[in-house]
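Chemist: Here's the feature list from Swiss-Prot:
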type	residues	note
BINDING	Glu169, Asn253, Ser277, His278	adenosine binding site
DISULFID	Cys71-Cys159	disulfide bond
DISULFID	Cys74-Cys146	disulfide bond
DISULFID	Cys77-Cys166	disulfide bond
DISULFID	Cys259-Cys262	disulfide bond
CARBOHYD	Asn154	N-linked glycosylation site
REGION	391-412	region 'Disordered'
TOPO_DOM	1-7	topological domain 'Extracellular'
TOPO_DOM	33-42	topological domain 'Cytoplasmic'
TOPO_DOM	67-77	topological domain 'Extracellular'
TOPO_DOM	101-120	topological domain 'Cytoplasmic'
TOPO_DOM	144-173	topological domain 'Extracellular'
TOPO_DOM	199-234	topological domain 'Cytoplasmic'
TOPO_DOM	259-266	topological domain 'Extracellular'
TOPO_DOM	291-412	topological domain 'Cytoplasmic'
TRANSMEM	8-32	transmembrane segment
TRANSMEM	43-66	transmembrane segment
TRANSMEM	78-100	transmembrane segment
TRANSMEM	121-143	transmembrane segment
TRANSMEM	174-198	transmembrane segment
TRANSMEM	235-258	transmembrane segment
TRANSMEM	267-290	transmembrane segment
Amino acid sequence: MPIMGSSVYITVELAIAVLAILGNVLVCWAVWLNSNLQNVTNYFVVSLAAADIAVGVLAIPFAITISTGFCAACHGCLFIACFVLVLTQSSIFSLLAIAIDRYIAIRIPLRYNGLVTGTRAKGIIAICWVLSFAIGLTPMLGWNNCGQPKEGKNHSQGCGEGQVACLFEDVVPMNYMVYFNFFACVLVPLLLMLGVYLRIFLAARRQLKQMESQPLPGERARSTLQKEVHAAKSLAIIVGLFALCWLPLHIINCFTFFCPDCSHAPLWLMYLAIVLSHTNSVVNPFIYAYRIREFRQTFRKIIRSHVLRQQEPFKAAGTSARVLAAHGSDGEQVSLRLNGHPPGVWANGSAPHPERRPNGYALGLVSGGSAQESQGNTGLPDVELLSHELKGVCPEPPGLDDPLAQDGAGVS
């Protein structure tokens with residue numbers, strides 16, 4: 001590869017690596033910080049983000065290294081060449097798990113919480129990663145070209161005894177890449193996801209038509225279903241972008257394998273396809289920010305607080321706080337639940353005591369909608385609520401607003 005072309009390739013790859021790391025760390029940070037985003041679907045989103053972070057930290061540096069054709073032991077070269085296949089497979093499994101999760105949520109919503117639990121999701125994620133390593137590192141178990149070293153190329157690179165010129169196609173057999181990796185482990189899951197999302201949209205369309213035919217359709221049920229469909233569209237876009245980024249490289253591999261007499265793809269085209277495949281690790285955070293309001297708002301808060309160092313004023317509304325009114329015989333009790341703080345506990349470990357106001361209102365932190373009473377009133381600063389602000393308050397019960405951002409979150 002010419003020095004100029006090599007420099008451009010390395011520069012672009014490094015830029016992609018930085019963006020992939022920063023964007024996907026932001027995704028994981030948002031889920032960790034915002035309790036509204038801590039749901040089963042987003043466990044799989046975090047697994048997908050972890051694979052994309054690993055692409056930026058490891059796979060892209062490995063790809064840059066292997067592009068130089070440096071001399072190495074064959075199995076060491078194999079590990080470097082195959083590691084990106086592990087991460088690709090993990091991404092595919094995460095996308096498939098998300099598609100199935102959304103299918104269950106729309107097809108059998110009443111059984112969703114019983115079937116799809118956090119413990120099961122974490123177990124599925126662990127299994128997906130184990131399978132990804134097994135599939136991606138299969139060439140190291142013997143399905144490789146280490147037994148047929150290309151002596152001429154090795155000598156031209158100045159490689160010593162027992163070393164090979166570390167180039168992807170020289171160590172990884174193309175029949176593995178086409179038959180096993182592409183046809184079995186990439187194309188089949190992509191087709192399954194296509195079928196699952198098609199069924200999701202058909203089922204949602206049928207349910208919406210049934211609601212329209214009812215004399216008094218439930219607006220809340222209709223709104224929830226529409227938001228499920230919106231989330232499914234967002235995730236289907238992510239699957240489509242994955243296919244768009246990875247299929248060109250696999251198509252080039254198919255031409256190389258099925259037409260050995262044809263001229264090999266130009267080197268610039270190969271590197272363009274490789275860069276496109278790595279770009280997939282950058283795009284997902286932008287999709288979340290553009291399509292999902294709760295992610296977008298949390299990204300803004302993280303950037304303002306931790307990057308720009310701007311202090312945001314306290315707001316007792318929106319996604320960071322919720323006011324719940326409980327009506328009693330001796331007045332009204334207003335409780336404030338804050339995201340990011342343990343409900344009903346001060347920072348020093350003591351529980352708050354709701355203070356009785358002269359106007360008959362009490363203020364306290366709640367857990368699950370009930371006030372927590374205890375001795376002591378130190379810790380978080382008091383919050384003043386005026387009685388006229390509470391007149392006519394009639395909050396909706398907490399419920400699903402978006403499957404990717406539950407408990408009060410929303411989508412745009």
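Residue positions begin at 1 at the first shown residue.
Yeah, the Cβs are placed from backbone N, Cα and C, and that goes for glycine too.
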Chemist: Do any residues at least six apart in sequence from Glu169 (adenosine binding site), in the same chain, have a Cβ closer than 8 Å to its Cβ, and if so which, in order?
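Modeler: Looking at Cβ-Cβ distances below 8 Å from Glu169 (adenosine binding site), excluding near sequence neighbours, one finds Thr256.
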Chemist: Who are the chain neighbours of the transmembrane segment (174-198) in space, where the CB to CB distance is under 8 Å and they lie at least 6 residues beyond its ends?
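Modeler: Result: 85, 88-89, 92-93, 95-96, 99-100, 102-103, 135, 138-139, 143-144, 232, 235-236, 239, 242-243, 246, 250, 253-254, 256-258.
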Chemist: Once the DSSP letters are reduced so that anything not helix or strand counts as coil, what is Cys71 (disulfide bond)?
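Modeler: For Cys71 (disulfide bond) - judged by DSSP and reduced to three states - the answer is strand.
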Chemist: Could you give the Cα-Cα distance between Cys74 (disulfide bond) and Ser277 (adenosine binding site), in whole Å?
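Modeler: Pair distance, Cα basis, whole Å: 25 Å.
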Chemist: Who are the chain neighbours of the transmembrane segment (235-258) in space, where the CB to CB distance is under 8 Å and they lie at least 6 residues beyond its ends?
Modeler: 88, 91-92, 95, 98-99, 102, 169, 174-175, 177-178, 182, 186-187, 190, 193-194, 197, 264-265, 269-270, 273-274, 276-277, 279-280, 283-284, 287, 291
Chemist: Measuring Cα to Cα across Glu169, Asn253, Ser277, His278, which the record gives as the adenosine binders, how far apart are the two most distant ones in Å?
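Modeler: Spelled out: the longest distance between any two Cα atoms in Glu169, Asn253, Ser277, His278 is 18 Å.
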Chemist: When a 10 Å sphere is centred on the Cβ of Cys146 (disulfide bond), how many other Cβ atoms does it contain?
Modeler: 17
Chemist: With DSSP assignments reduced to helix, strand and coil, which class does Cys77 (disulfide bond) get?
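Modeler: The three-state answer is helix.
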Chemist: Based on Cβ pairs under 8 Å, which of the stretches 43-66, 78-100, 121-143, 267-290 lies most in contact with the transmembrane segment (8-32)?
Modeler: 43-66
Chemist: How big is the Cα-to-Cα gap, in Å, between His278 (adenosine binding site) and Cys71 (disulfide bond)?
Modeler: 24
Chemist: Find the member of 43-66, 78-100, 121-143 that has more C-beta pairs under 8 Å to the transmembrane segment (267-290) than any other listed stretch.
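Modeler: Answer is 43-66, with the largest number of Cβ pairs below 8 Å.
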Chemist: Using a Cβ cut-off under 8 Å, which residues of the same chain at least 6 positions beyond either end of the topological domain 'Extracellular' (67-77) come close to it?
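Modeler: 1, 6, 9-10, 140, 144, 146, 149, 154, 157-160, 162-167, 171, 271.
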Chemist: Return the member of Cys71, Cys159, Cys166, Cys259 nearest to Cys146 (disulfide bond) in space, with distance defined Cα to Cα and candidates limited to these disulfide-bonded residues.
Modeler: Cys166
